[in-house]
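As recorded in Swiss-Prot, the features of this protein are as follows:
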type     : residues      : note
SIGNAL   : 1-33          : signal peptide
DOMAIN   : 62-204        : domain 'THD'
CARBOHYD : Asn95         : N-linked glycosylation site
DISULFID : Cys119-Cys155 : disulfide bond
Amino acid sequence: MTPPGRLYLRRVCSTPILLLLGLLLALPPEAQGLPGVGLPPSAAQPAHQHPPKHLARGTLKPAAHLVGDPSTPDSLRWRANTDRAFLRHGFLLSNNSLLVPTSGLYFVYSQVVFSGEGCFPKATPTPLYLAHEVQLFSSQYPFHVPLLSAQKSVCPGPQGPWVRSVYQGAVFLLTQGDQLSTHTDGTPHLLLSPSSVFFGAFAL
């Protein structure tokens, strides 16, 4: 049998503990420091979750960059397998034309550089015209439609070596299956290097 003095001491010591336990139970769950309790579903999820796969795929937009083939100096042939040229996410190169993989807005661009030894002095010198054009062939238009076009005239002009560059680029609304190609006048004067002659497009 417990002595009366010791029983009274045990009751006195246990009273503060019971009071603290009661106060703790009266607090809301989030204030008790319980993990994941009382938090909204988004806050209770782990922070290392990966984004949905469909969002990651949506960032892979079609793009293409072609360079001129130096092995065909009499005609401008495009290639996509060398010198930082590429085809990505649906673009195809067929019959020297880019095939548009999906409908949407695209930035289309091209550059050519012409060079020559000089204009020969004559009483009536023959003009030398240079031109470069990006064309569209679509099911909506059964013929090649110019998208970008530029012309330059060199002769009569300088007696020494000359260089002329043409860069063009703009945004177009294209349809899946459209074909992008180029037409060039003055191909024997093309300076066929990857940094001088190129053609490409990318989705916005």
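Every residue gets a Cβ built from N, Cα and C, even glycine.
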Distance [Cα-Cα, Å, rounded] between Asn95 (N-linked glycosylation site) and Cys119 (disulfide bond): 35
For the domain 'THD' (62-204), the mean pLDDT of the predicted model: 92
Per DSSP, three-state class assigned to Cys155 (disulfide bond): coil
